[in-house]
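Look at Swiss-Prot and you will find ASN46, ASP88, LYS107, PHE133, ARG385 tagged as ATP binding site. Marked as compositional bias 'Acidic residues' by Swiss-Prot: 225-239. What Swiss-Prot lists as region 'Disordered' is 221-263, 688-716. The feature motif 'TPR repeat-binding' is assigned by Swiss-Prot to 712-716.
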Amino acid sequence: MPEEMETQPAEVETFAFQAEIAQLMSLIINTFYSNKEIFLRELISNSSDALDKIRYESLTDPSKLDSGKELYIKIIPNKNEGTLTIIDTGIGMTKADLVNNLGTIAKSGTKAFMEALQAGADISMIGQFGVGFYSSYLVADRVTVHSKHNDDEQYVWESSAGGSFTVRPDSGEPLGRGTKIVLHVKEDLAEFMEEHKIKEIVKKHSQFIGYPIKLMVEKEREKELSDDEAEEEKKEEEDEKPKIEDVGEDEDEDKKDTKKKKKTIKEKYTEDEELNKTKPIWTRNADDITQDEYGDFYKSLTNDWEDHLAVKHFSVEGQLEFRALLFVPRRAPFDLFENKKRKNNIKLYVRRVFIMDNCEDLIPEYLNFIRGVVDSEDLPLNISREMLQQNKILKVIRKNLVKKCLELFEELAEDKENYKKYYEQFSKNLKLGIHEDSQNRAKLSELLRYHTSASGDEACSLKEYVSRMKENQKHIYYITGENRDQVANSSFVERVKKRGYEVVYMTEPIDEYVVQQMREYDGKTLVSVTKEGLELPEDEEEKKKREEDKVKFEGLCKVMKNILDNKVEKVVVSNRLVESPCCIVTAQYGWSANMERIMKAQALRDTSTMGYMAAKKHLEINPDHSIVETLRQKAEADKNDKAVKDLVILLYETALLSSGFTLDEPQVHASRIYRMIKLGLGIDEDEPIQVEEPASGDVPPLEGDADDASRMEEVD
């Protein structure tokens, strides 16, 4: 334990790590990871965030910087003591911050990161889950954090990761403001204290950090000694040597005087060397920047361990001037749609000065996966969040960013392989955009990809669907459901597919919201095959047959409606079924079965809407099916026949299930099925099966078992 802790034991407080954090630290310490170097990237990134915070606060209150004007990050390796120190002059942490942020309150990403690690994910993902600090234990067996916040005294946090940590007042060297992290580096990892290694890591991961990163380096220089110092040194040397008398000594001395030179010695000294002198990449000309430079900047900006998928670098000039650099990541973060998550990942700068990184009005929520920077020449430096909401300049910037993002997606769509990767990760965002962004709905609809009854394993665009439409086809047919197999085998698509029309398969819950907003595409109406009023092109003969069927089955429809009463709004003859006897369709503007399922699954649903949105069900019967034809004959013979009533209810409930609805009383339906099974097995409903209770613990043989056994012997 450090000396301060021994001299002031009363002031030392010990805390236990929250269980998930202790688990995570154990995982980090006890598992071998080859890329341990990412610890430095994470600590520098945290320092940069702390500097961002104090700079932002100082824009509205310059006195916040009285405790230290210069904003920088400093790295000090000390091989003699076996430590690596990272200092920043950021906002610092109060005692409560140290206790909460470094141990007792788990971040939302702690558990998710551990699960990802155990599933084989890369340790370098750690920063994306908000737990980057703990990567210190990849290289250190003890970590000490000194921190000073403007609103509190200076404190020290320390832990050797044994399940607990201590916090105490810091009586050591005052920091002014900021944080000093001292890593007590493991003996076998001394390379991380080497100057060349630190430079290599910073260049690789952090060269685009917006604050100076200084490394304390040890150098040598030659120092000239003055005549007096040289004489003194020479005298000391001569005093040590035995003196030998020489006859020609005086003559030699005269010669030496003429050749006397100033003596120099080598001395060691330390100085700070700035490691990231590169000017902000977004201010440079896009033609001069290589893909590798974009990749390095993206990784330093996002802490992502993978390369970006696409990049858009542009500037807008004229009445309004700003530059932007936008990236599409290769994969979606684990918490993309969490409410507590920041609404966007764009850093806002004003004339190269960082302002904020969670400006909600900068980009719409559906584009919250886009990473990058925007640097405005026109916004005031001391702008607050409240002022930004009203700012007209910001609205113009937002409009341009959306436009450029859509351009970027269109460019990406030209490369099928890359677009497939992008779509797998971010299709929900595009669909959310169709629901929320009416201005860009048409452009976003071009970016959608769906599997269809004719597309095989490849998803296709709506444009491709339209190009394959039959001559007499006026509508785009679609079906919503839980998965491809379910919708492909649905009774609703039977007739449509048989006629040779293509059906779009929409299998994500968000698709239900998409079709509510996107009523048409390229002048073609989107028509659900699960809703009433499905009209398929017909010739005169088909029309005539349909009219005849309506008349023929009118009586059965009335009987079925009377039996089902208010369970259905009406019973009609279907034009969409081929192999199934019946199906349940919904009203044109009501919920589909899939939407009803989604709404029932909402934890905070509004039950008042369930009634009027979900009630309008229509039962459609297939006039060409033998079950329906036989049922018609039975109903016409005796419409009060109990068997007809039972069969109609059973048909209705089965149709509910096959059409994607849930049953309100599944047990009653099960009882009906069991009754049908009994009938099939010839069991009389009225004869109860006698089961005698066994007298002892032994189970007696069932009635007839002995006979069965003897019969089995005969067979043998």
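Every residue, even glycine, has its Cβ placed from backbone N, Cα and C.
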By a three-class reduction of DSSP, LYS107 (ATP binding site) is assigned coil
Within the same chain, the residues at least 6 apart in sequence whose Cβ is under 8 angstroms from that of ASP88 (ATP binding site) are SER47, SER48, ALA50, LEU51, TYR72, ILE73, LYS74, GLY178, THR179, TYR211
In all the protein chains shown, the tally of other Cβ atoms within 10 Å of the Cβ of LYS107 (ATP binding site) is 18
Counting every protein chain shown, other Cβ atoms within 10 Å of the Cβ of ASN46 (ATP binding site) number 20
In the motif 'TPR repeat-binding' (712-716), averaged pLDDT is 41
